[in-house]
Amino acid sequence: MAKVPDLFEDLKNCYSENEEYSSDIDHLSLNQKSFYDASYEPLPGDGMDKFMPLSTSKTSKTSRLNFKDSVVMAAANGKILKKRRLSLNQFITDDDLEAIANDTEEEIIKPRSATYSFQSNMKYNFMRVINHQCILNDARNQSIIRDPSGQYLMAAVLNNLDEAVKFDMAAYTSNDDSQLPVTLRISETRLFVSAQNEDEPVLLKELPETPKTIKDETSLLFFWEKHGNMDYFKSAAHPKLFIATRQEKLVHMAPGLPSVTDFQILENQS
């Protein structure tokens, strides 16, 4: 048995299918305050149901807006009906305010989470099998084997590595080039390692074939990380959890100690 060669550099060139993600966030400096932070003072009696710039002089016909300024439409009860973001250093006149009031197609600004939308649309496409019949040894020199029932995995010190479970590791594309998603299938079977919740044993899920695209079944995917001589398998479905071993426990998901999340991948040369 020998350690598997480092494949990370070669795989970086395999991501030609990656999708680019472009943020539509406004090009404002991150240290600028949002226009939602504007402070509102009581409106004069003749200012209800009219547009007026905030924090400006009452005698000025044209005002320069600063970082804290925005334009609002206030109803008689003081409720803000409409807001518009303005460019920095933009002049605004009374005519501009009137145009905003008459704009029937003014866009309503709604809170949203680009990150959530981006993650929910994530797809992982199969690239190739990068390891055939490899063995996983943990930091205690225990090898992964099947438990007596055959339904789960466990770790044990072996004198004969032929008794260890052999895995085929398949790589998938990712929108993040810093991560390498993989699946772990028991060689010559249809059983794939599937992550569960913290401290729960990993499952062996039977599939008809290696998935070509994974979108919803992220429990089958693990981000393979390499630090020094050790390998780690972080769950795509539970990003804080790793495949782990522990004395008198089945192979399970854990964030770290007292469980062991450090492995070495041994290549089968028999």
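Including glycine, each Cβ sits where the backbone N, Cα and C put it.
Pulled from Swiss-Prot:
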{"type": "CARBOHYD", "residues": "Asn102", "note": "N-linked glycosylation site"}
{"type": "CARBOHYD", "residues": "Asn141", "note": "N-linked glycosylation site"}
{"type": "MOD_RES", "residues": "Lys82", "note": "N6-acetyllysine"}
{"type": "MOD_RES", "residues": "Ser87", "note": "phosphoserine"}
{"type": "REGION", "residues": "82-86", "note": "region 'Nuclear localization signal (NLS)'"}
Integer mean pLDDT for the region 'Nuclear localization signal (NLS)' (82-86): 51
Conformational class of Asn141 (N-linked glycosylation site) under the three-state DSSP mapping: coil
